[in-house]
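**Q** Here you go, one structure.
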């Protein structure tokens, strides 16, 4: 009897404890961090399902002990603990269809409210459910680092996202790469995903080690761009690393020289061209090993600059040198030098090849001069379409000799020049004599050559409406140099017998007076005559003849093929014998009422 009573008491106590919800089940959802700025409002919300009976809900702040803030009972309502300001802490209950939300509103918070807040539900019969929030109240901070990277074009640039990171970085940090130029910002990467659709970086950007940015190849358009990496440690703490790119390009230099006239001025033009320049560079001229200061008489410099569509600069400097008879030396050496900035505060020094020329090559001939030395034109234009105009990189001087002597050019020409000078005649055509006579006289030279020029005077042809007799000291003497060019062995576009006669576009007539002074009077442009030798055929005629024969053979072939097709169509069809006759067999019926066999064969 006593043992049975003991069991009943124990069972009753257990039932009472179940009824009062004494069996507590603790569900800790883990530490949920909530970040908030000082002075802002924060809502802390937790909810539970409606499958159990709600007994009580409460919010508490967890310190050394649990400090209760507010309690809610479905029957008795809300109850705030003493010392809690209702204006700054308000609780609300929202009943949904299948759940109940329990929210704590914190208004105008400060750093003193930072800490852990516990939300608990007392349910019957499941017990107590608890959720803990970690409220962090601190100002927004951004640790920013700026730097500049200098690099050449067509190189690979690697920009790290962060360096010397500490242990406070969470494994769940997020990052993003942005690029900015001229106030326009674009997102390149976010969370390992390439989100940029810009054509300027198509196929050039990628992620490297430790979330670094890899840019290859570097282009001129990348100059001035700022690449920023945002490493978000928390919603209130961001590390930002900004890298500004400065791009440099090593220039290419090219120098040319041309002789624009052959008169007494002896003008020469030197052109220094600087390509693929970035940023801008400066061009300096050196004459006989010394820097040109710009205050020398007879030397003029003009500078031009142009920005191409690719972003590179193109600089052009032109030095014009007028012949000075009082020069101490007969030769002059000229070259140009470019100074351009490079990465790491260094300067690139790019120089052209020195060009040396003679100052005496621009002397004009007098009325009767056995041997006269002149300068060739800087840019020669030829009538033949396949002979491109050339420009001498060094001064090319020639000696006027007798038409029977072949004098080679003592100064080398450029590799682009395919024409060699054979005869140069200063002619003064007379009335009744045309340019054809002068060309025949130029082409009458023999095949042999002597090592030294002849001292025989050149031929002078009188101009129209002028006399060939002796002239007065004050009378004008018109002289026009005609250059006879023959193709060299290296020129495949002209035959070995083609002769091209070219006269200068505009040349001054020399007026000689009795006292030795010289007056200049400009003449007019003469024509260009191309003479074909009697014993040969020019290449255009040969090409036209060959083309005519090819077209003729093709036409004959087409005509033959058409005739063959016509013959095939007109042929009679092949003979086809008729089919053999069909033989019928007679079957006589036993009744004897049918037709005889011979009658059926007739039918």
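Any Cβ shown, glycine's included, is placed from N, Cα and C.
Here Swiss-Prot flags 412-436 as compositional bias 'Polar residues'. Per Swiss-Prot, the feature compositional bias 'Low complexity' maps to 438-450. Taken from Swiss-Prot, the feature disulfide bond applies to 46-119, 161-229, 272-336, supported by sequence analysis. Annotation comment: Swiss-Prot describes 139-245 as domain 'Ig-like V-type 2'. Summarising the annotation, Swiss-Prot assigns domain 'Ig-like C2-type' to 251-356. Taken from Swiss-Prot, the feature N-linked glycosylation site applies to 146, 164, 197, 259, 307, 324, 331, 349, 371, 425, 437, 515 (among others), supported by sequence analysis. For 359-383, 403-482, the entry in Swiss-Prot reads region 'Disordered'. If you look up Swiss-Prot, you'll see 1-21 marked as signal peptide, on the strength of sequence analysis. What Swiss-Prot records for 559-603 is topological domain 'Cytoplasmic'.
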**Q** What are the sequence-distant neighbours of residue 229 (disulfide bond), meaning same chain, six or more residues apart, C-beta distance under 8 angstroms?
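**A** 159, 160, 161, 162, 175, 176, 177, 211, 213, 240, 241 - these are the non-local Cβ neighbours of residue 229 (disulfide bond), listed in sequence order.
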**Q** Return the member of 119, 307, 336 nearest to residue 146 (N-linked glycosylation site) in space, with distance defined Cα to Cα and candidates limited to these recorded positions.
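**A** Closest candidate to residue 146 (N-linked glycosylation site), judged by Cα separation, is 307.
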**Q** Over all shown protein chains, what is the count of other CB atoms within 10 A of the CB belonging to residue 146 (N-linked glycosylation site)?
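**A** A count of 11.
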**Q** Could you tell me the mean pLDDT the prediction assigns to the domain 'Ig-like V-type 2' (139-245)?
**A** 84
**Q** Residues with Cβ closer than 8 Å to the Cβ of residue 272 (disulfide bond), same chain and 6+ apart in sequence?
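**A** Residues satisfying the criterion: 253, 254, 255, 283, 285, 316, 317, 318, 319, 336, 338, 352.
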**Q** Do me a favour and check the Cα-Cα span between residue 349 (N-linked glycosylation site) and residue 307 (N-linked glycosylation site); whole Å is fine.
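**A** Between the Cα atoms of residue 349 (N-linked glycosylation site) and residue 307 (N-linked glycosylation site), the distance comes to 21 Å.
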**Q** Taking 10 A as the limit, how many CB atoms besides its own sit near the CB of residue 119 (disulfide bond)?
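**A** Around residue 119 (disulfide bond), other Cβ atoms within 10 Å: 23.
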**Q** About how far apart, in whole Å, are the alpha carbons (Cα) of residue 46 (disulfide bond) and residue 197 (N-linked glycosylation site)?
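**A** Each residue's Cα considered, residue 46 (disulfide bond) and residue 197 (N-linked glycosylation site) end up 42 Å apart.
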